[in-house]
Amino acid sequence: MEKRPLQTSNAANIPSKTIEEMYQKKTQLEHILLRPDTYVGSIEKHTQNLWVYENDEMVHRAVSYVPGLYKIFDEILVNAADNKQRDPSMDSLKVTIDPEANTVSVYNNGDGVPVEIHQEEKVYVPELIFGHLLTSSNYDDNVKKTTGGRNGYGAKLTNIFSTEFIIETADGRRLKKYKQVFSNNMGTKCEPVITKCKASENWTKVTFKPDLEKFKMAYLEEDVVALMKKRVLDMAGCFGKTVKVELNGTLIRFKSFRDYADLFLKCAEKSKPMPLPRIHAKVGDRWEICISLSDGQFQQVSFVNSIATIKGGTHVDYITNQITTYIMNKVNKKKKDANVKAHTVKNHLWVFVNSLIDNPAFDSQTKETLTTRQASFGSKCDVPESMLKDVEKSGIVDTLLSWADFKQSKDLKKTDGTKTQRLRGCKAEDANEAGGRNSEKCTLILTEGDSAKALAMAGLSVVGRDHYGVFPLRGKLLNVREASSKQIMDNEEIQNIKKILGLQQNKEYTNVKSLRYGHLMIMADQDHDGSHIKGLLINFIHSFWPSLLKVPSFLVEFTTPVIRASHPNKTITSFYSMPEYEAWKERLGNSATSWKIKYYKGLGTSTPQEGREYFSDLGRHRKDFIWDDELDGNAIELAFSKKKAEGRKIWMRNFEPGTCRDHEAKLINYKDFVNKELILFSRADLFGSFKKKLYKEIKVAQFIGYVSEHSAYHHGEQSLASTIIGMAQDFVGSNNINLLKPNGQFGTCNLGGKDHASARYIYTELSPVTRCLFHEHDDKLLEYLNEDGKSIEPNWYMPIIPLVLVNGSEGIGTGWSSYIPNYNPREIIANVRRLLNGEELVPMDPWYKGFRGTIEKSAKEGGYIVNGTVTEIDEQTFRITELPIRKWTQDYKQFLESITDGAPNVKDPLIEDFRQNGDDAIVDIEIKMKPEKIATILQEGLFKKFKLTSTISTSNMHLFDAEGNKKFDTPEQILEEFFPLRLDYYEKSKEYILGNLNRLLLILDNKVRFILGVVNGEIIVSNRKKAELLIELKEKGFTPMPRKGKSTKPQVAGANDDDSEEQEDAEPETASQSVSVEGATWGDYDDLLSLPIGTLTLESVQKLLDEKTEKEKEYEILSGTPTTSLWLKDLDEFEKKLDELDLKYAEDDRKRASQGSKKANGFASKPAKKPPQPRKNTKKAKSVEPENDNSSMEIENAVEAAKPAEVAKPKGRAAPKKNIQKEPEDDIQSLQERLAAYNIESSGEKSQAMESEEVQQKAAGKKQNNKRGGAKKKSSTIVLESDSDNEVNDVDDDDDDFEEVQQKAAPVKKGGRKPAAQNAKKAPAKAPAKAPAAPKKRSVGTKQSAGQKLLTDMLQPAEGTGTSPEKKVRKMRESPFNKKSGSILGRAAAAKDISPIADCSAGSASNTPLSEDEVVEIAPQPARARPQRANRTQMKYALSESESEEDSDEDAELSDFEEDDD
C-alpha cells in the first residue's frame, strides 16, 4: 500500500481496506504462529549472560539464542519430568540432541500415555494430548499436583513449531505400542500405527525437528545446543540419584542437588582466592536448598516441579528472606552502627532451590517466575537453625561488616575538612594564622563547655590570638568506636572538629603540614568527667587517624590545679591531684590549719585573673601526650572498644585504689593515661533520707534539692527524681521492699512506673522498715567519700541483709552488664540465721512481692521460667489474672489489640474481642477467642501464643563487692560474700557503742563528783580565774573529756543535730575561750563548767547516780552479748516490720476488694469471678513506726512501749481494736520532763486521771460512730503533738502534727461534761485482756479522715456546744493556725485524697498520756445547709498562767477561712 508523502501511517492515511481485510478471525493454530511471543516467548535472537554446559563444565558467558526455540525444547523435557510425579517408578530419562540432523528426542520410562480412544473426542489419547490444543490432565484445580504442566499448551507448542513431530508410547497395561507422525507445524498428521507390546513395556518418546525458519535460524547453533545440554543437567540435578539421566548416550552422575550446585561453584571459584562455602539442607520431601556466597549481586538457580525459574519467584523469596533476616540481625547486633538491611544481605548470597509446589502459577507461559503465594505452596520450609548458623559462619558476616565500614567511610568523607585560611559557619575562635603558612605553630584549645572557653579567652590575652584558637565542647564527645555512621554524621561537634583542624577521613598523617592546626590542646576539668572527655577525644583521633597520635606534640593537655592553698604571708601552693594535696597536708601536720584551702571543682571556678596566671606559665600547665609503642593503642582500645569487654573486666578488677598518674611529669604516654587516670571512676539518695531524718513526708522535688546539696550529686535533677521515685515504687515487679513511702502517684504496673506523677506533686518519706535495714550505729563506721573537702555519702552502705537480693539490680556499667532478680527477704533472713548458726544454706529462687504467677526452674543452668495466670471460663473465653514479671498491662493491651479481629493491619487475628476488668494494681483481662483458632492455640500452647511466659537468668550477676567487681553464680554466693563483712561491722558497732557508754559513764562520774564538790563547798566556781579552776579540777582527778572536734563525717540521722551546717560556719574559739594550763584546756571540762545552776542540787546528783547505774547495767549486758546475738535481734526486729507491712498490704487489698465497683459483664455466661484475694501473710503484726534509740536492745524495748495502750471497755459492745501509731521523733521527753520544763505543777494522780478520761472518750467515740442514725452529731478533738525542743522545722510545715481522737458527743441540752478526774473514777482502766473487736457497720475504706471531720465541725455554729470550757486547752507552743501552709481547711480538703498507704500508716491518736496543755477541742455544732461568714467557728484556747488575755483572743479570732491557700 502506498502512503501519502510526509504523512503518518494511521488508518486515515492508508488507502481504505475492506471490512473483511480489516477485521479477521484466526484459528488458534494460526494465532500461535502469528503471535508466537504470547506462547513461547520471543522468536528473535537475544544475547544474554547465561550459564551453559560445555566441555563437561558449567560456564557463565554471553549466549546468543532464540528464547522461543529454547522453550519448545523445555516443554518436552518438563513433560518427561512430570511423569516422575505421576509414576515414582520412573528411573530413566534419555535426551539426544543432533545438531546436524536438526533432531531432538526425549525418552522416559514409566507409565506411558494410555493407548485408548477418548470416548468424547473420538481420537486416541496420545493424539489428543500431543496434537490438539487446550488438552491437559491438569485442569482439575481441586486436585493438588506437583507437575509442570498447567495450561494445555506444552508439547502442542513444540509440535506447532516443528517441521516434524513424532510421538511414540508403549502402554504395557493395554499391551499396545503407539506411533504417530505430525508435520507441517501440526497442520498434517498421519494415521497412528498401533502394534503389540509386552506388559513390561512402559515408556514414552518424543522426537521433533524444530522449524528453524520460524526462528530465523539455518541450523541448531552452538549456543542453543549448549543451553539445551545445560537444561538436561538441570533435570539430573533435580532428580538426583532417583533417575538416571543420559545426554547423547552419556550418563550424568549426580547424587544430590548439592552435586549439581557444585558445578556452578567450581566455575565461580576459578576467580576466587578461597573456595566458596557449600551449605546444603533437605527439608522434607519437597525442598532442597544449597547456599553459597556471591560478589555483591544476588544470584539464584531455582526449580519448581523441574521447571527452571530463571528469574526466581516467591519460592526463592521464601527461602532467601529467612536467611537474610537472620544474618541481618546478627550483623546489626555485632555492630550496632552497621545498619545493614535485608536487601544488602541478599546481594551477598547465592541461593539454589529445588522445590515441588502444588498447582504452580507463573507470570507467563514462559514460566520464568513463580507467582504462587507462600500459603498455597502445599508445604512449609523452615530453614534449619543449623543451616542458618553455618551461613553465619561462612564469612558473610565479616563481608557485610567490611561493606558497612566502607560505606560509612565513604559517607564520612563528605564531611572532610580542608586547609583553608578562612573558616565559616562554626562556633570557634579561630587563630589568625590557622590554615596559613604558620599553621604548624597554631594550637586549637578544646574546652569543656562555654565557661571553660571564657577562662581560655582570658588566657589568650597573655599568649595572643595569632597562634591560639578556642572551640568549646558541649558535654562529652561521642564514642565514635561504638557509634553508627549516622550518629557520627549527625554529630555537630565531630564535624566541627574535622572542619577546624582540616581532617580528612582515614588519611594517613606523618606530619601536620596539611592541617589547619599543628597542635590540639584539651582543656577539661580535673575530675573524672574531665578525664573521660580527654579519653573520648583520644579515642576519636585513634579511631580514624591513629597516625596523628604518633606525631610528636600533636595532642597536648592543659592542666589546672584542683586545690590551691594560700597562706597569710601571700604564699600560694597549687595541687593538681588529691593524693598530692593529702601528702602535703600530712607533712605540715597541725600547721596546715593556718592555710586557706580553695577547691576547684571545674574550670569555671577559676577567675579570669587566675586564667591569665595559668597562661603566663604555660610550660607548667602544658603536658604533651607521647606514643611509645602499640601498647598505647591497645590501651585506648581496651577502654573504649566493645570487642574488648572481657579484657576491660580484667583491667577493672586489677585496679588498686589510690592509683594516679604523676602530675609533675611533662610527658604522658597514652597507656599511663588510660591505666592511671581514665580508670578512676566514681557513685546518693538513701544518705539524704537518713541525714534529713525523713520521718515526715516531703515533696519529692524538695527532697531532690536536699540530696543534691548534701551528697554533691552532679548528674541532673531528672536522674535523681527517677531514682527517688524508683526507691518508693511498690507495685508488682518493682521493689520487694521500698525504702521510701510512695505518698502519691508513683507509678503502677500499667506502665511499669512510667505513669508516675511529676516530682512537684508527689511526696515521700522514709519507710518504717528502712532504718531496720540500715542501722544507725553503722553510720559512724562507714567510709565516707569526699567532695571539694566536704564529706558526703558513704562509699557503700552495710544493711543487715544484702539489699541487692531483696530488690534486684539491672544495669550496664564500665565493662559489665548485670542482672539480679528479686528474692524473698524472709528466705534471705532465714539463710542469714543459718550462717549465724553454722548450718547449710538453702537454695533461693527468685520471688516478687504480690506476684500471683509461677516461677519455675528451667532446663538451662541458672534459668527460670516465669508464667502468668490464665483460667478457662468456657470453651471460648479465658481470663488472664497475672502477667509475667515486668510485662506491663498497657503494653499487653497493645499486644492483644494486634491480634484482635477488626483491628487495623491485623493479618491473622486470634481473638474476637477482649475486656479489661482490672485496675491500677490488679490484672483481670477476659479474652474471647475465635472458634476456628482455639484448636491451633491450644496445640501450640496458650501461654506461648498469648505471651504469658518469660524467662529469668542468674548467669549475669556482676556486683561490686568490698574490693571491687566480682561475678556471682548463685544468690547464695552473694550471701556468703556478704556475711563475714557484715559480721565484722557488728563487731565494730559493738565496740563503738561500748566506747560511747564508757565515755558517758566517765562524764556522769565527773558530774556527780563536781556537783557534790560545789554543794559541799569543796569547789568554788564563782569569782575565780579560769586557769586556777582548770588546775584545781586537774589536781582533784577529774578526767578531762575533750570536746569532739568538728567531724568530717556527714551529719546522719541521730548522729548530730540538724543545725550542723550552722556549727560548721561558727566562729572559731576566741583566746579567752581557749585557755590552756598544763595540757588541759577549758574545753576538756566543758561538760562540767557549762552545767546550769539549777542542776547543782542533791536531787540532780541522785538522778545522775540513777542514770549511771542504768548505763553500767546496759554496758554489762552489751559487753556480755555475743555479736551474733546482736545480728539475730536486728533480724527479729526487721521481720516484725515485715509482718507489719504484710498486714498493711493485706488490709489495702481487702479495702480495694470491698471498695471496688461492680465489674462489667464478661463474655462468658458464668458468674463473675471473685475479687483477687489479699496477699498471703506469714504472720500478723501491729504497725509500729521506727524509733531513733541508741541500741538494738533499746529498739526492742521501744517496740514493746509503742504497743497500743489498754482501753477501758465501756458497757455494751466492745469498741473495735485500733492500731495507734506514734510519730517517730528523736529523744522524746517524758510528760514529767515537759511539765518541768514549763514549770507547771503536775501530779501522778492528775496525769492518770486525764489519761483515763482520754481512753474512755476514745472508746465512747468509737461506740457511737458504729451506730446508725442522725440524731447525734460526732465531735472531734485535735491533738497537737509537741516537737522536740531542738527540732528544726521541716519543709512540710509540720502537717503531720494533727491527729484525730474520737470522743463521745455531749448532749446538746445539758451543760458541760464533768471534769476528767470524775470521769476517770467512773471508768477505771481494766486488765490487759484481749477483747474481740466489734465489727464496723460501714464499709471498708469509708473511714473519715481527721481533716474531713474538722471541716464538718467547723461549718457548724458556735452556740450551744455543751462543751465544758475546762476541756479547751492550748498547747504550749506557737499556734500552728498562723502558718499559711497549715490551714485546717486546706488539710481537711487534702485529707479527702489521702492515699491508702498514708491512711494505713497514720494512727487515730497518740498513745502517750496527754496533759491538759496538749488538747484542743472543737465543739460540735448543729448542721446548717450554707453557713454564713458571721457564724463561722472560732478557735478558743485556755490560757496558761504565763500568757496574756490579749494574745489568746488575737490567736482565737484567726479563722481558717482567712488563711492563704497554698
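Each residue's number is its place along the chain shown, starting with 1.
Using the three backbone atoms N, Cα and C, a Cβ is placed for every residue, glycine included.
The following features are taken from Swiss-Prot:
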type: BINDING; residues: N79, N108, 136-138, 149-156, 365-367; note: ATP binding site
type: SITE; residues: R760; note: site 'Transition state stabilizer'
type: ACT_SITE; residues: Y761; note: active site, O-(5'-phospho-DNA)-tyrosine intermediate
type: COMPBIAS; residues: 1056-1068; note: compositional bias 'Acidic residues'
type: COMPBIAS; residues: 1167-1181; note: compositional bias 'Basic residues'
type: COMPBIAS; residues: 1198-1207; note: compositional bias 'Low complexity'
type: COMPBIAS; residues: 1240-1250; note: compositional bias 'Polar residues'
type: COMPBIAS; residues: 1260-1275; note: compositional bias 'Basic residues'
type: COMPBIAS; residues: 1282-1300; note: compositional bias 'Acidic residues'
type: COMPBIAS; residues: 1314-1334; note: compositional bias 'Low complexity'
type: COMPBIAS; residues: 1419-1430; note: compositional bias 'Low complexity'
type: COMPBIAS; residues: 1442-1462; note: compositional bias 'Acidic residues'
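In the shown protein chains, 24 other C-beta atoms lie within 10 A of the C-beta of G154 (ATP binding site). Around T366 (ATP binding site), taking its Cβ as the centre, 20 other Cβ atoms fall within 10 Å, counting all chains. Cβ contacts within 10 Å of S136 (ATP binding site), excluding its own Cβ and spanning all protein chains shown: 16. Calculated from their C-alpha atoms, the gap between Y761 (active site, O-(5'-phospho-DNA)-tyrosine intermediate) and K156 (ATP binding site) amounts to 85 Å. The Cβ of Y761 (active site, O-(5'-phospho-DNA)-tyrosine intermediate) has 12 other Cβ atoms within 10 Å, all protein chains considered.
S136 (ATP binding site) and R760 (site 'Transition state stabilizer') have their C-alpha atoms 81 Å apart, to the nearest angstrom. Within its own chain, K156 (ATP binding site) has F130, G131, H132, L133, T135, M186 as residues 6 or more apart in sequence whose C-beta sits under 8 angstroms from its own. In this structure, the recorded positions under consideration are N79, R760, and the one with the smallest number of other Cβ atoms within 10 Å of its Cβ is R760. Secondary structure from DSSP puts K156 (ATP binding site) in a helix.
In this structure, the CA atom of G154 (ATP binding site) is 80 Å away from the CA atom of R760 (site 'Transition state stabilizer').
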